[in-house]
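K.L.:
Dumping the structure here so I can ask a few things about it.
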Amino acid sequence: MALKFNPLVSQPYKLASSARPPVSTFRSPKFLCLASSSSPALSSKEVESLKKPFTPPREVHLQVLHSMPPQKIEIFKSMEDRAEQNLLPHLKDVEKSWQPQDFLPDPASDGFEDQVKELRERARELPDDYFVVLVGDMITEEALPTYQTMLNTLDGVRDETGASPTSWAVWTRAWTAEENRHGDLLNKYLYLSGRVDMRQIEKTIQYLIGSGMDPRTENNPYLGFIYTSFQERATFVSHGNTARQAKEHGDLKLAQICGTIAADEKRHETAYTKIVEKLLEIDPDGTVVAFADMMRKKISMPAHLMYDGRDDNLFDNFSSVAQRLGVYTAKDYADILEFLAGRWRIESLTGLSGEGNKAQEYLCGLTPRIRRLDERAQARAKKGPKIPFSWIHDREVQL
């Protein structure tokens, strides 16, 4: 890899493997869901004999369930009206929303073939490493069924029927509908570009959705909304940087595509951060402890279980390219933490319990600590090797 980071903060896209913090008062007793623990390497025959009819290529072996005390659910019931007033306005009317076709060649027009030719000519000017990052971002967006599933694991705010009229459920469905356009648009662009192996990309998407994700939010909406606040900010940054680099390479249409997606992510970030702001008003102690808990566990990116059927380190390798290009970096991770802590006024919280004060102290000292570690890592960094990516027909890209 191009960079190795201290365990305090993994590469921004990389799943961190840190020990869980001690049980805190904002949690109820934990229920652990255990799968098979680590074991010595087995032969391929032994592995095959142990497999079920279908086994995801990436499995999470330890998960914590329902860590929020049941009485805290009342907080989210009490926020229902506020959610309607403060959350739903951040959704856009479908009739006024952009659609993928607004940015792509029109297949019904006489000039369709010429438009595709122009798109492909612009795409030829983009380097392979840029396409690796753009494909990785698209695959992340295409795993949307997983993210709706994740939101519907959260106690007190899930869509109980699939068409629930509660504000929480309406938001989740409409947020999903807005996000759905992102993967559609990038997928169609990449298909038309002629620069990528669509079958390998489609396999990666299927593998990823089948594997799911483990954000370690524990069915707990405190943790869940902190996670989504961070994630929406991260995707805003990432798509914004791919937009900037597309412009630098002369593809103004692709820059517009990525910039439009980034604007959506920014709007969604605003909605999720408002939920956490309200939680800090109602339950500052529980919320600051939850924030510290998520940061101790580290924010794992949604596509951390990515696999293409070949590369066991695909996600790490994709992350290294994103880090090297400056699309999403350890510095961005620290910047997002600093932004959220400032937005939520963590430093100025008062009246906290002993545990809340410890969480506050930890959060206030974390950003400079991450920055110091990143600076040391960059000073020690060596040039990464070149490896093939199946997404771009096994052409080699430097990590």
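Glycine too: its Cβ is placed from the backbone N, Cα and C atoms.
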K.L.:
Given that Swiss-Prot annotates GLU232, GLU265, HIS268 as binding Fe cation 2, state which candidate in GLU160, GLU179, GLU338, GLU347 belongs to that site as well.
P.N.:
GLU179
K.L.:
What does Swiss-Prot list, out of GLU141, GLU142, GLU218, as binding the same Fe cation 1 as GLU179, HIS182, GLU265?
P.N.:
GLU141
K.L.:
Please report the three-state DSSP label of GLU232 (Fe cation 2 binding site).
P.N.:
helix
K.L.:
Of GLU141, GLU179, GLU232, GLU265, the binding-site residues given in the record, which has the fewest other CB atoms within 10 A of its CB?
P.N.:
GLU179
K.L.:
Tell me the Cα distance separating HIS268 (Fe cation 2 binding site) from GLU179 (Fe cation 1 binding site), rounded to the nearest angstrom.
P.N.:
9
K.L.:
Hey, how far is GLU141 (Fe cation 1 binding site) from GLU232 (Fe cation 2 binding site), Cα to Cα, in Å?
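P.N.:
Spelling it out, the Cα of GLU141 (Fe cation 1 binding site) and the Cα of GLU232 (Fe cation 2 binding site) are 12 Å apart.
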K.L.:
Would you mind checking how many other C-beta atoms are within 10 angstroms of the C-beta on HIS268 (Fe cation 2 binding site)?
P.N.:
23
K.L.:
Give the sequence-ordered list of residues that share a chain with HIS182 (Fe cation 1 binding site), lie 6 or more positions from it, and have CB atoms under 8 Å from its CB.
P.N.:
GLU141, ILE261, ASP264
